[in-house]
Ligand code: GDP
Ligand code: MN
């Protein structure tokens with residue numbers, strides 16, 4: 001689960017990770033009031049930041065007003081202008097894709113002076129099953145680019161899950177960033193506090209880009225990108241509440257309601273599969289036969305009429321879908337029952353309307369597969385049966401051609 005920068009910074013503050021003062025707002029008036037309040041507290045420079053679930057805002061532009069997603073303002077008037085430009089406009093960044101993301105919330109912060117910028121991130125290193133802390137002197141730049149072009153500029157420290165970050169590891173990171181004196185001391189504390197926040201919130205990622213040092217040698221998290229492990233959210237009801245549903249893909253939200261495992265992709269072949277492994281194999285075979293999967297969808301072991309219907313509803317919400325491939329292995333669930341389920345689902349008036357013109361290719365294997373094929377073949381619906389996965393994929397490419 002992703003959260004906004006302003007929410008991430010509230011968490012950081014609780015863990016004594018220093019962040020510039022800031023206030024989240026949803027209207028121009030609120031934004032102006034927030035800036036006035038920061039001014040009373042001593043701010044002379046303000047930063048107005050679009051709160052969307054995507055990074056790269058500083059270099060992004062909004063569609064209508066061509067405004068940057070992070071605006072440095074020298075006066076309250078400039079804050080007002082930035083808020084007017086951003087709120088209600090759609091911000092496009094390298095991370096949002098072309099469609100962009102509607103700006104409904106802003107974060108006004110006390111603008112700080114930057115002496116140097118760094119990258120500091122904590123995430124899971126799946127290859128070694130450990131948490132990894134990554135730091136780089138190349139702050140403010142996309143870390144993927146640094147990793148690709150100058151990997152030697154990234155230092156890493158690994159921590160076994162459940163173990164603490166060792167003080168010497170935090171020191172090594174701070175030294176590697178070239179911090180000195182007060183900034184070094186603060187930097188070490190920063191790394192330690194950040195690791196504690198990451199660990200205790202069951203996060204997947206805490207990314208501070210940039211981490212900055214001011215001319216007064218203060219160390220701040222200027223930006224914060226945080227995601228939590230969905231499977232651990234039940235342990236953190238307070239964090240679960242931070243979810244901003246308006247930022248999430250509507251189909252993915254609906255799938256969560258039905259307890260289906262759905263991830264939207266960019267292709268045009270909708271997939272409905274039971275089991276994550278088979279779902280991945282199905283996507284591979286679609287690719288191999290020249291198609292492009294529109295989604296990952298694991299309907300789980302059951303695959304009854306209701307799950308099939310819900311699967312259709314979610315897949316068909318995506319306008320790009322030109323064909324649907326259903327690939328179910330009947331182990332515990334019998335194929336003939338799934339076949340009847342598919343037919344019943346396609347006859348449902350709500351689904352029938354949406355599915356018109358979208359061919360459905362069904363491949364059922366396992367218990368009672370032959371009966372299932374007969375049921376499909378004898379139905380007068382726009383449903384094509386296939387026995388082998390390869391055949392199913394070929395049918396898909398035929399109907400797309
Ligand atoms: P991102 O573009 O979505 O990663 O948003 P960031 O929060 O990282 O902001 C983008 C850039 O704006 C940063 O890399 C900084 O260069 C600049 N910036 C953000 N806040 C401040 C600030 O308080 N003072 C100054 N001088 N620059 C800032
Ligand atoms: Mn950033």
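Just so you know, glycine gets a Cβ as well, placed from its N, Cα and C.
Caution: TrEMBL annotation is automatic and unverified by curators.
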TrEMBL annotation, ATP site containing 56, 57, 58, 112, 117 - matching residue among 49, 130: 49
Per TrEMBL, member of 274, 378, 382 binding substrate alongside 331, 332, 333: 274
Proximal residue to residue 333 (substrate binding site) among binding-site residues 49, 56, 58, 223 (C-alpha distance): 56
The domain 'ATP-grasp' (9-237) [mean pLDDT, rounded to integer]: 95
Cβ-based neighbourhood (8 Å from the centroid) of the substrate site, residues 274, 331, 332, 333 excluded: 301, 302, 303, 328, 329, 330, 366
Sequence-ordered binding-site residues from 112, 117, 209, 223, 274, 332 with Cβ under 6 Å of an atom of ligand 2: 209, 223
Inter-residue Cα distance where the pair is residue 223 (Mg(2+) binding site) and residue 57 (ATP binding site), in Å: 11
